[in-house]
C-alpha cells in the first residue's frame, strides 16, 4: 500500500483548517518507542487477569458444589474457597512487580491442585489442571522469562507424575457419583480455561499487531513525505550505503515570493506561518497532479524537479505546465494583509546528479549546472514572470508561447539569451495562447 504524503491541512465546514496529518504522525511516532514495552507488559497482565477470574469461577463452583452436596468433606471445600479468594486478589498484585502476580497465581494453583488430588485421588481429574498450567505458563510469566516458564512446566509435569504413582485412583473420600461428576467438571473446565485464555491472548495480540501496522503506515507516510517513494524503498535496503544517480536530462524550477522579507517583518508569526502553509500546500498538490518531485523549500524559495527520480521524455513540458499553474494559484491568494502574492519563477534544463545526503535529518537533493541556471533565472526574473534560458525555449517553442526578453548578464554564466513563458498554445489555433487553467489546489 502506498504511503500517503502529508498534504494541505484538512478544511472544516466553517472554513477553518486543522493541523496537518504529518504533525499528528510525528507526535505519535515520538511516543511510540516508549509504549511498546509497556504495552507488552500490559497485555501479559490482562491475560493473567482473565485467567485468574476464570480460575475464580471454576474453584468457586467446586466449592459451592461440595458445600451443597457434602461430598468430599468441608476441608476440600475450604481449600477451594481459599484458592478462589487468592485468585481474586492476583490482579491487585501487578503493582508489586512483573513476576509477583503470576508466581502467586501459579504457586497457589499448584498447591491447591496437588492437595485436592492427594486427598480425593486421581480419578477426579484434578491433575488435568497441571497440564493446562504448563501450557499457559509462558503466557503468564512472559517470553523474556523462558527459563522460569520451562522450570514451572517441569514442576507441573513432576507433580502429575507424583500423583499418578503415589496416590490411588480413589481414596474413598468422595462417593463414586461425586468422583464421576468431578472428573467431568474438571475435564470441561480445564479445556474451557485453556481455550478462553489462549483466545483472549491471541485477540489481544491481534489488536497490538493492528496498532503496530498503523504505526508502520505512519512511519511510511513520514518517510514518503521526506523522500520520493522509489528512493525511500532503496534506502531501506540493508546493503545500500550511498544513493546517488546521474540523469542526463532533467528540468529544474525555482520559485520565489517577491517582497517576502518585507511581508515577514510586518506580519504576525502565526499569520505568516499559516499563509506559507496554505501557499506551499497548494503548490504540493500541483506537484502531485503533474507527477513532479518537490526537492525542498527554503524560506520563500520553492524548488521542483521534473524527470527525477523517474525519467520522463516530457520533463520540460511538464514543468512548464506546472509553472503556469503555480503562478495561477498564487494569483488567487492574498497574504495576511490582503496584498497579492507575486512570484518570480525560473526554469532550466540539463544533466543533474541526485542523491540522499546527511546522517541525521537526511534529505534528497539535486545538483548540477541546470540547478544553478534555474536559480539564476529566478533571481534575475521580473516580477510575475516565468523566465527560461534559450535551451528551454528550444524545447517548448512548439507547444508553448514564449516572449523574448533579450540578453542578460547572469552571474557565473555570462551573457545569456532568455525568454518569458506566457502560456500553452491552443491546438486548433497555434497563434492563440491558452494560459494556465484555473486551479484551486486547496487554497
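Note that the numbers count up from 1, one per residue, in the order the chain is shown.
Heads up, the Cβ atoms here are built off N, Cα and C, so glycines get one too.
Here the structure is a predicted model, which means the values were calculated and not measured.
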19-41, 180-202 - the range that Swiss-Prot marks as transmembrane segment: 180-202
Packing count at residue 256 (Mg(2+) binding site) (other Cβ atoms within 10 Å of its Cβ): 20
Long-range neighbours of the transmembrane segment (47-69), counting only residues six or more past its ends (CB under 8 A): 76-77, 80-81, 83-84, 87-88, 90-91, 94, 101-102, 105, 109, 112, 136, 139-140, 178, 181-182, 185, 189, 192-193, 196-197, 200-201, 204
Maximum Cβ pairs under 8 Å to the transmembrane segment (180-202) - stretch from the list 74-93, 124-143, 148-167: 124-143
Cβ neighbour count within 10 Å of residue 300 (Mg(2+) binding site): 18
Overall pLDDT for the domain 'Guanylate cyclase' (251-378), taken as the rounded mean: 89
Distant-in-sequence neighbours of the transmembrane segment (148-167), which means Cβ under 8 A and at least six residues beyond its ends: 99, 106, 110, 113-114, 117-118, 121-122, 126-127, 130-131, 133-134, 137-138, 141
DSSP-assigned states of the domain 'Guanylate cyclase' (251-378) in counts, ordered helix, strand, coil: 56 helix, 41 strand, 31 coil
